[in-house]
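According to TrEMBL:
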COMPBIAS  349-361  compositional bias 'Low complexity'
COMPBIAS  362-371  compositional bias 'Basic residues'
DOMAIN    45-138  domain 'Ig-like'
DOMAIN    147-238  domain 'Ig-like'
DOMAIN    249-344  domain 'Ig-like'
REGION    349-377  region 'Disordered'
SIGNAL    1-27  signal peptide
Amino acid sequence: MTQTQFCVRTLASVILLLLTGILRTKGSHSISNIQGHNEPDEVGPHFLAQLTNITVPQGRDISFTCVVDNLGQYRVAWIKSDSKAILGIHTHMVSLNPRLSVTHNGHNTWKLHISHVQLNDSGSYMCQVNTDPMKSLSGYLDVVVPPDILNHPDENIDEGVSTEGGSISLLCSATGVPEPMVQWRREGGKDIIVRSESRDKQAFKSVEGERLTLTNVHRTDMGGYLCIASNGIPPSVSKRFDVHVNFPPTIKAVNQLVGAPVEREVTLECIVEVYPKPLNGWYRNEGNVKLHNSNKYNISEAMINLYMWHLNLTIRHLAKSDFGAYSCSSVNALGKSETRIRLQELRLPPKSTTTPTPHVHTTAKPRRKQQPSHNKGLNEVVRAKETHFSNQMQQENDVFGSGIGVPQSPNGGGGAGAGGIMASGNVNGMINGAEGKLRFRKFHKYMLQHKHRMKSGIRGSYKHSHPHLPDQGILSVCIHMRRLHP
Ligand SMILES: *[C@@H]1O[C@H](CO)[C@@H](O)[C@H](O)[C@H]1NC(C)=O
Ligand SMILES: *[C@@H]1O[C@H](CO)[C@@H](O)[C@H](O)[C@H]1NC(C)=O
Ligand SMILES: *[C@@H]1O[C@H](CO)[C@@H](O)[C@H](O)[C@H]1NC(C)=O
Ligand SMILES: *[C@@H]1O[C@H](CO)[C@@H](O)[C@H](O)[C@H]1NC(C)=O
């Protein structure tokens, strides 16, 4: 029974297959017939070009152009795709938006004009022909807005202030379409230093994000920071923020011990690190006599950078009474700092009839424990070296060098790592011919006589000027002395 049923079924399928085969041949025939039928439709309306996509900054005027051939009795309409609103048909406006208009060139070109485009004009626009079914083309309008940085009326902060070690947060909100990227940079190409709790720090050329947070701020973080907003639509915009890091002053003397002969002038110098701007001053004695600009004193200060100042006190026509203690001081809201400078008379050798006028700057360093006196000097190395010296004088130079230089004495005698002293210097000046050499020899002698000064362990710069022969100018020698590291 089942077998018969199967046979019947198979037969039915075969018939069905045959039938569909016939139908297929018929079908393909009829399709080609329809295509032939389409011919008159081809001569009906058709588009000659795509609608262009338009990306434009807000506020500009734009237009979409639709080119249709063979329009016949049909009409061209403009439609906003998202709202399906008909904006205009042929040359007739439907939309009440006064910024929209439609035009026709009398031939095959229709235009939709949008003046002063707004953000909500963005979207797809359709040029449609009312055939059945209708034919249409779409073009996209993308209204963009260049970036802008918001100035919050109540939070118009363009600076960040903190005391050293605190934190500073700068906010830079930007608008624009598409949404802008905000980047932070430092003025002058400096790195932005990001410090973490663990005191690690990282340096970045730029940091991204609306908010820049600087923690554990340091004085070196001070200065201008720029936030730059960009979204690919020019122009990018930037805003400058000032970062201030407040800290109390630290003042240091350039030389703590200064020597000068009477009748000359001398300048005492201090360097202070402080922010905000301090009130600086110079004092005599134990800080109880404030000094002012006068015939005697010239007080000047120069900014080295945002938080460093160079303070000078020039004392003219040194008299005996001018020697002694001075102090420079600096004070701001966060604190005060002062340091002492000792001005010593520098006695000149009672020598030639002419008056040599050496001029010596020294810096006192806490002396190392001196060796027993018989050893004194032996542990010390004095070496002089000249540079910038004219060729003629090279020989003299050598003499000078070897004469004054005590060859490196073995450090052994004293032991105990007693640091030696090294002097190096340069000889500049108008040294010419025999007279020059003569003067130089005199100077050389002078230096030999004063070798003890160099051995005395005083560190600093020695400058010597010798106006022996006024018509020949001044010979000046600088010798810089420092302790040799053991
Ligand atoms: C317009 O943009 C759409 C995508 O937004 C794209 O499919 C289409 O090809 C574009 N038309 C032209 C003419 O570039
Ligand atoms: C589009 O935005 C403008 C202002 O930008 C507004 O005046 C207008 O009403 C908005 N139109 C629509 C349809 O939202
Ligand atoms: C003080 O010295 C500076 C140069 O160091 C000079 O420019 C200034 O005029 C001097 N001031 C007085 C009051 O002499
Ligand atoms: C005084 O200060 C200035 C910095 O303003 C510095 O250049 C100069 O060398 C200092 N010393 C003297 C002796 O003027």
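Cβ atoms here come from the backbone N, Cα and C positions, even for glycine.
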When pLDDT is averaged across the domain 'Ig-like' (249-344), the result is 95
Just give the helix, strand and coil counts over the domain 'Ig-like' (147-238), going by DSSP. 6 helix, 47 strand, 39 coil
Which residue counts does DSSP yield for the domain 'Ig-like' (249-344) in the helix, strand and coil classes, in that order? 3 helix, 63 strand, 30 coil
